[in-house]
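Below are the features I grabbed from Swiss-Prot:
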- Arg13: site 'Transition state stabilizer' (SITE)
- Lys20: site 'Transition state stabilizer' (SITE)
- Arg150: site 'Positions MEP for the nucleophilic attack' (SITE)
- Lys206: site 'Positions MEP for the nucleophilic attack' (SITE)
Amino acid sequence: MHLLIAAAGSGSRMGADCNKLLLQIEGEPILKWTLESVALASSIKWIGIIGQPCDKHAIMQIVQDFSKPVQWINGGKTRQESVQKGLAALPDEAIHVLIHDGARCLVEPELFDQCAQMVLKGVAIIAATPVVDTIKTVDSNGYISGTPDRSKLWAAQTPQGFSVEQLKEGHATAIAKNWNVTDDASLFEKLAWPVRILESSPSNIKVTTPFDLSIAQSIIAMKRQS
């Protein structure tokens, strides 16, 4: 299975002056923790890291002794554009692909393997967890306009897995129709293509804010102690 890791984000919401994936948890960069899980996922045979050119040296230093083939891919201005560039850089033999946020450093290796197994069966899949809070929709004036049925709400995560051919078609359509999406499953939704949910752990958070970082630090520290 081929894996693309989105690593082109900034540290703006983290309040950092560098790519948040280079911030450290327990003495190791966030991206290193993500890659440790990738290394233990038996299904993953090739990794493409999509990042900004200014971060290439630092990120390639992290993967210099990695046990699996890693390719650097220059990212775009948005996540959507970065994934497009990642798809274009896949080896010719790639038939299926998993997309993962580099900032989801608490991902379990088994989740990659479970997603890969589903994708190889021809199922588009995303990791997700049921929403536990009551969610409100709000109008432009800040007033509540509705309460969606919580039993139908799931928080999307990564990995997300697809047929390479289908995902490329989805991105090509997005360019033609000027669609802007925040994850790849949204392209499938817009095209009325089915995507299945694979329930994952609520701990598979995307480290985006200082609060997220503190949670990740606590969980990794507890894992080390155990």
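Think of each number as a place in line: the chain as shown, counted from 1.
Backbone N, Cα and C atoms are what each Cβ position is placed from, and that goes for glycine too.
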In sequence order, what residues of the same chain, 6+ apart, have a Cβ less than 8 Å from the Cβ of Lys206 (site 'Positions MEP for the nucleophilic attack')?
Asp101, Ala103, Arg104, Gln157, Asp212
Where's the emptiest Cβ shell within 10 Å among the recorded sites Lys20, Arg150?
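Checked Lys20, Arg150; of these recorded sites, fewest Cβ neighbours within 10 Å: Arg150.
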Rounded to an integer, what is the Cα-Cα distance in Å between Lys20 (site 'Transition state stabilizer') and Arg150 (site 'Positions MEP for the nucleophilic attack')?
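Rounded to the nearest whole number, the Cα-Cα distance is 32 Å.
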